[in-house]
Amino acid sequence: MRILQLHCDRIEYSPVKKEIAAAEEPATGGKLEDAVLAFVAVEKGDGPGEAARAAAELRQALGRIGCKKLLIYPYAHLSSTLAAPSIALGLISEMEAALHDLEVSRAPFGWTKSYTISVKGHPLAEGFKVITGDARGTGAPKALESESSMKSTWHVLTPDGNMTDASEFDFAGCPKLKALARYEASKKRGTDEPPPHVALMKRMGIADYEPASDAGNMKFFPNGRLIKSLIERYVTERVVEYGGYEVETPIMYDSNHPSMVSYFNRFPARQYSIDSEGKSLFLRFAACFGQFLMAGDYQLSYKNLPFRLYELTRYSFRREQSGELVGLRRLRAFTMPDCHAFCTDMAQAVREAGVRFELSRDVIGQLGLDAADYEMAIRLTEEFYAENGGAVREMVRRHGRPVLVEMWKERFFYFVLKWEFNYIDGAGKASALSTDQIDVENGKRYGIEFVDENNGRQHPVILHNSPSGAIERVIYTLLEKAAADSARGTKPELPLWLSPVQARIIPVGEELVRNATELAKEMAGHGIRADVDDRNESMGKRIREAEKEWVRYILVVGEKEAASGRLSVRDRRTGKSTEMGLDDLVEAVREQTAGKPSAGLNSPFYLSKRPQVML
């Protein structure tokens with residue numbers, strides 16, 4: 001932020017012409033005598049921290065001069081790296097509010113203005129200041145600072161409907177819920193040590209950091225891309241089955257679009273911003289923007305509601321703090337299944353939330369998480385709970401375990417209810433997976449309307465649901481769960497339908513590679529991902545490597561198996577080998593992968609043809 005400060009005998013200004021669409025209305029001129037004029041340019045990266053320090057420095061300067069009149073004058077010509085107008089206006093307004101005890105006024109923002117000034121002649125009459133970020137960086141946006149200072153109360157709601165203050169609840173028997181409560185109380189999101197999944201994602205050839213990109217942007221190797229695509233397909237199939245219309249929307253939006261300004265002002269420092277042909281754009285952090293704008297293109301009747309739009313965003317972007325970025329747990333670019341339901345009123349929204357709650361429970365379970373693997377949190381206003389407490393308690397009853405509740409006296413966000421399933425890792429860090437929100441603001445903000453039973457026009461209540469959470473975070477959760485299993489002495493594994501290789505065929509000798517190949521192709525015809533370890537390595541080494549890659553079924557093909565057509569199948573779970581027919585193996589795999597999408601191998605058929613990933 002840059003400020004040119006002038007102590008003036010007289011200041012007179014008048015708005016002449018609008019410069020931008022977001023210019024303030026109404027715009028009036030003014031005349032002041034014996035006042036300090038502060039020309040202010042807000043720059044990219046500025047936040048409330050800079051606004052607060054600028055206000056403090058102006059206060060000190062006026063104190064030294066002995067003047068109590070101040071005119072804040074937006075003045076773009078002091079910098080070539082200006083912030084988006086929506087951000088600049090917000091920060092200048094914050095400066096004005098911080099100096100409310102002075103005789104402070106502000107020239108209208110976004111206008112070409114004529115002005116006349118007469119500057120006094122004393123040593124302190126003129127000054128220039130550059131306000132930069134403090135040691136913590138560029139400061140958080142107002143909404144985030146307000147969020148961090150918000151007062152809420154914490155409770156635990158049990159399946160029998162009892163609400164207890166969290167400080168008085170007996171967490172014995174609920175260690176993960178206790179960890180979630182501690183995590184929320186501490187507000188510490190960083191980590192001191194890399195969680196176990198980081199080593200696993202590299203060793204398993206799933207994903208790794210990309211130094212050539214921004215932090216929090218990952219690269220996925222063939223194994224990781226296969227796992228990720230299968231999860232994406234499954235979640236999408238379930239949402240479409242539920243009634244979602246799958247759509248696709250842009251990844252970037254105009255920061256100054258009328259529908260975006262108030263929304264974007266909530267979290268400006270968390271966005272990637274880019275300039276294009278004079279436009280200030282930001283990269284979406286969810287599918288909300290595109291889906292809300294698209295909903296406005298529809299002619300909706302109450303008969304069409306709930307109206308459900310769905311998009312799998314590849315990608316959503318959020319500039320999380322660098323100290324919070326770790327592995328697949330928290331990223332700056334991520335894949336998010338995002339389904340919005342537009343409802344007639346709160347009653348319909350509450351009913352729809354119940355349907356989506358069950359959808360999310362089932363999806364997260366089918367992805368490989370048991371109910372005991374995650375903890376539930378609910379955030380809501382006192383008013384919403386007073387009016388809809390029965391529905392909230394029913395949700396907790398169906399969850400079947402105590403739930404952490406954060407209750408606000410007043411609504412700060414656009415939603416009145418938000419619930420989420422949180423995975424608690426070995427370090428006690430919580431990561432939200434499935435979630436839903438009841439939004440009472442954005443229907444009006446985006447001009448979304450439907451015709452009610454009386455032919456009146458109404459704004460819908462909107463639900464924001466991700467039945468799984470970010471796809472990358474699902475993979476993180478599965479790897480962390482596998483690491484925890486390993487620490488307990490259980491063999492780590494992925495769900496069979498997500499295993500990059502479900503069966504590995506190991507021929508005893510080179511002369512049996514052809515038999516192994518025919519068997520693998522036959523298995524592929526039944527939807528089983530099978531490969532052939534044709535390398536000139538010992539049988540023991542090849543079996544050990546298959547175990548290290550978490551291959552569930554290991555088939556050894558010798559002369560006996562080639563002649564009889566029977567299979568010697570080693571189940572990695574038990575470590576035991578069993579003789580069976582191909583039909584038996586196919587049936588076993590089908591039972592474990594029923595209802596899930598299938599795909600072929602995403603790497604060469606023969607292990608001898610595969611290059612090694614050096615991680």
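A Cβ is built for glycine as well, from the same backbone N, Cα and C atoms used for every other residue.
Positions annotated as Zn(2+) binding site by Swiss-Prot: Cys288, His340, His464. What Swiss-Prot lists as region 'Editing domain' is 1-132, and the listing cites similarity to another entry. Sequence annotations record features per position, and here Swiss-Prot assigns region 'Catalytic' to 196-495 based on similarity to another entry.
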Non-site residues, in chain order, whose CB comes within 8 A of the mean position of the CB atoms of Cys288, His340, His464 at Zn(2+): Ala286, Ala287, Gln291, Phe292, Asp338, Cys339, Gln437, Asp439, Asn442, Ile462, Leu463, Asn465
Confidence summary (mean pLDDT) of the region 'Catalytic' (196-495): 93
Other CB atoms within 10 A, centred on Cys288 (Zn(2+) binding site): 22
Cβ atoms near His464 (Zn(2+) binding site) (within 10 Å, other residues, all chains): 22
Three-state composition of the region 'Editing domain' (1-132), taking helix and strand from DSSP: 35 helix, 55 strand, 42 coil
